[in-house]
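**Student:** If you look up TrEMBL, you'll see 53-72 marked as region 'Disordered'. According to TrEMBL, the repeat 'PPR' annotation covers 240-274, 302-336, 406-436, 437-471.
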Amino acid sequence: MAVKPKTAARTSSRYLDHLLLSLRNRSRLPARIWPDDDRHHLPQPPSSSVAAAAAAAIPVGDDSQPPPPLKLSHPLLRALEASGPASTPRFSQTLARIVISGLSRHRLAAGRLVKPLCASPSSIPLAVALFSGVDDPDAFLSNIILRAYINFDQPHQALDFFRRYALPSSVPPNHFTFPLLAKLLAELGLAREGPCIHALASRLGFEFDLYVRNSFIHMYSSLGDVDSARKLFDLDLDSDIVTWNSMIDGYIKNGMVDYARSLFDHMPETDLVTWNVMIAGHTGVGEMDAADHLFVKMPERDSVTWNTLLDGYARKGEIASARQLFDKMPIKNLVSWNIMLALCSRIKDYRECLKLFDSMIAIEDAKPDNATLVSVLTACAHLDDLVRGKWIHSLIMDRSETIRPDVLLSTALVNMYSKCGDMSSAAEVFDSMEERSVATWNSMIIGYGLHGNGEKALELFIEMEKAGQDLNETTFVCILSACAHGGMIMEGWWCFDRMVRIYKIQPRPDHFGCMLDLLGRAGFLSVSKKLVDGLLIEPVPALLGALMSACSTHCNWKLGEIIGKKLIEMKSQEIGPYVLLSNIYAAQGKWDDVAKLREMMNKNSLQNGVGFSLVSSVLENNGSVGKRNMILSMLCEMGSSIKMSLYNH
């Protein structure tokens, strides 16, 4: 029987093993990294320059003489420069030789090692291990590691490194350290530590450094301490445009737009950043007239300027102004398209959303990202456009290198498939998700409910509970609606009871509406009436309307009449309650009461809207050529069937 040969270990792995072993046994490392004069008389084996240098680093003789200063011309350092990125085996080999030789304990050599290791988040812990082995580390080394953690969005790891390694090593901070610490504390929201770092900088004399002072202004503003930021700003010291911009941005972050504008008006000089920050401040509080005034006065504009004003119009819901500005933009980038697509989706103008997306794809000025596709998939879900939705899904799969589905995008896919009725595809996407949000579960539950599979929806609801997922108010609206569509009365009551008793969720009108729908379909009108009477909130017309419609369906004329009269009192200017009550009277033959209702409707100038056919709408405006041809063919077939039926009779 053949035995599968063992895979040979990688060369770099053996060197890394030596490295880790040496880090665990630093006490065994040599104190000397250069030979004395007698060393040169030792025989040298023929080998590469790197190996020779490593062998030469083994200590021999007396250690009483201090080693000469380390120079960049050292063979191992030259080999390190030529070894390439930290991810290559050659770098790992050189790194291992430097550590084994003891050279890594020198600040200069450690700095040449730490910098490439900090180019990747996965190798930063190794850089920290090297830092801990340096005899006398300096601020340069610690700043490299701090900056790497911050750049890779790992602020907690950066703070942990500073507390566990930099401070115990008595590394004296410099004027580059304090801006990093200020940014770190601002990101973590550590308001108590901010003044401590500021006091340390003042004690060391760095408060007068303009770069440090600007960073502290930004830190205090981000932490909500605008007064401390203003005290720093008002110091009789040199200031630059960054100082003014930091203070204006601080005021805007804390909602003090008037103070920011006053400072803006007194600035000795401004730049593009100043104008953009101020426009963003006005748009953030909905002051579009002031923002537009600044926009017109600006000496120059960039894409940030246009997008900031566009986003302000979009958030305020000024659709016409947003579209007019969008059409005038000299350059539309991805942010511009995403703002407009999200606006159309938010105002439920889904057809316009898809038209904009088609234009974006045709122009090819910007490649769609996750935010783009979320808006488009939302439009597809509401328009029941399964064909386009599947095309978007294939686009995501084809561009897997640039578009990586997150929870939001995957949830949009699940929602699109479930609303379009393709539950198998929705389940496939749902099962492939490594992480799910509550909205993901809700989309699947409501999808099963809408398509009559209440039992599957209930199974998913129970599975959601077992998975430990937090349930919200919308979850119970989805499951109660699914129970109502499936006629699952007992299951619906069970879910409603769990919502109130177990999850302590106060029922909203949506929940009562689902319960009324559930009971009304089953004909339990007396129970529905008790449920409405027991509401802790004022009954909304929609709930009474649902109950009244159920009364009409199940011929409970007495209860329907009572509810109809109450609805007319609550919504006297809407025609719906009049029509429902008129139908109830007509079903009982109470034509006098029908006539009285007609008089009331005429007196209040209430009329039914003109009816129209969705078929005619498709034929005239919205339908594609294929849909129009299909509908015309069906109409012709229906007409022929009617004629044949009349002829036969």
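Counting starts with 1 at the first residue shown.
Cβ atoms here come from the backbone N, Cα and C positions, even for glycine.
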**Student:** Restricting attention to the repeat 'PPR' (240-274), give the mean pLDDT.
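**Tutor:** Across the residues of the repeat 'PPR' (240-274) the model's pLDDT averages 94 on the 0 to 100 scale.
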**Student:** Determine which residues of the chain contact the repeat 'PPR' (437-471) at the Cβ level, with the cut-off under 8 Å and only residues 6 or more beyond its ends counted.
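**Tutor:** Apart from its flanks, the repeat 'PPR' (437-471) reaches 407-408, 410-411, 414-415, 417-419, 421, 423, 426-427, 430, 478-479, 481-488, 491, 495, 503.
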**Student:** Using DSSP, what is the helix/strand/coil residue split across the repeat 'PPR' (302-336)?
**Tutor:** 27 helix, 0 strand, 8 coil
